[in-house]
Amino acid sequence: MTSPEDTAGVEAALAAEGFSPTDVRAVMCMTESDGFGRGYASLAFAHAFAPALGCPPEDVAQQIPMIMIGGCSGLVTPYAAVFVDDPASSWVTDGSGGGLSIGVTTTATLNPLDVGTPAMVDAVADAVRSAMAAAGIDKVADVHNVQIKTPWPSSAALLDGPLSGLDAGSVGAMARAAGALGVAVALGEVSRADITADVFLRDPNLRSDVASVSAGTERVDAAVLVMGNSPTSASPYRIGHGVLRDGIDPHGVLDALRAVGIDSGWPFTADTTPVEHVFLKSAVDGTDECRGRRHVLRTDYLGPYSWLLGKAVVHATVASIVGDPMMQVSGGGEHQGPPGGGTVAVIAR
């Protein structure tokens, strides 16, 4: 993508492969917006897809989840990734396969006062279960990445609610926390009985190792995209995941590679990499040290941008192994992987 509003590459790629927007299941982007919920890539894609879908642009997101991540720090490549249905595919499965499968859904419209609360956890958990069913995934162990875009209500919408008085950044953090805990509950990573209002942003032991949650002002519901492997899928792709213990941990991505059958050959180059896509969630700025050494991500003059700097760190670590800087890198890792680290998922053929 040459800019956040650049949809030409996606439109050309769809046309070249004989697809149209009606075949699109989900869109993900890395854009050079500010990352604070004010990006406009989703609006550009909505206008591009609306004519083919036969609906006004404002309704496109109800048909096609759009998960746009702003902030291309370091060497992160701005790009768009599109998931499509291919009814003409010649791929076959013998039922034993475990090919890549995705399921998409949305929650009902969320009351702004429920955002960042246990009520939102329940709504997201139900949506994750529905998306798993849509993907043909029966076992939670076969789920390797759950992308969620939650609402990011304005301060005015939160008056007299449980988040009243919080600044905009804190509201976004609570929304992401609720989304992540919803995934954790749905997949059995956390017991629902442990979810109370006072654990949000306070108990890092309550977390999901496959969730990747972002928040946006454009949503009034939570969009959910579950990615995993299903024995009913004929896809030649597989997905696996790992956990990054800190920002310079190579073992998380190596675990993800092994999970898709790649046991050797790293570090790869752009010409040799077997990796099709990587999804990273950074929680690098969740602590003030790395392996016992103090760092100043949160305390020097760039402290307000610690989330952005953390993304650059973890991106460099993973890109140096997979051999490609084009990958999704999302900050705001509340309850997503261990503080100071993050999560990674890899799709390979």
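Just so you know, glycine gets a Cβ as well, placed from its N, Cα and C.
The model shown is predicted, which means the values in this text are computed figures rather than measured ones.
The active site feature in Swiss-Prot is assigned to Lys149; the stated evidence is sequence analysis. A strand conformation is recorded for Lys149 (active site) in the three-state DSSP classification.
The active site, nucleophile annotation in Swiss-Prot covers Ser214 and is backed by sequence analysis. In three-state terms derived from DSSP, Ser214 (active site, nucleophile) belongs to an extended strand segment.
Taking Cβ-Cβ distances under 8 Å and a sequence separation of 6 or more, the neighbours of Ser214 (active site, nucleophile) in its chain are Ile67, Met68, Ile69, Ile148, Lys149, Thr150, Arg176, Ser330, Gly332. Here Swiss-Prot flags Arg38, Arg176, Ser214, Ala215, Lys311, Ser330, Gly331 as substrate binding site, drawing on sequence analysis.
With DSSP states grouped into helix (H, G, I), strand (E, B) and coil, the region 'RU A' (1-90) comes out at 32 helix, 19 strand, 39 coil. Marked as region 'RU A' by Swiss-Prot on the basis of sequence analysis: 1-90.
Mean pLDDT for the region 'RU B' (99-231) in the predicted structure: 91. Per Swiss-Prot, region 'RU B' is recorded for 99-231.
Annotation source Swiss-Prot lists region 'RU C' at 237-349, citing sequence analysis.
Here Swiss-Prot flags Ser306 as site 'Important for substrate specificity', drawing on sequence analysis. For Ser306 (site 'Important for substrate specificity'), the same-chain residues 6+ apart in sequence whose C-beta sits under 8 angstroms from its C-beta are Asp285, Leu297, Arg298. In this structure, Ser306 (site 'Important for substrate specificity') is part of a helix by DSSP.
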Exercise. Which residue, out of the recorded positions Lys149, Lys311, shows the minimum number of other Cβ atoms inside 10 Å of its Cβ in this structure?
Worked result: Lys149
Exercise. What does DSSP give as the helix, strand and coil breakdown of the region 'RU B' (99-231)?
Worked result: 52 helix, 32 strand, 49 coil
Problem set entry | Cβ packing number for Ser330 (substrate binding site), 10 Å threshold | 26
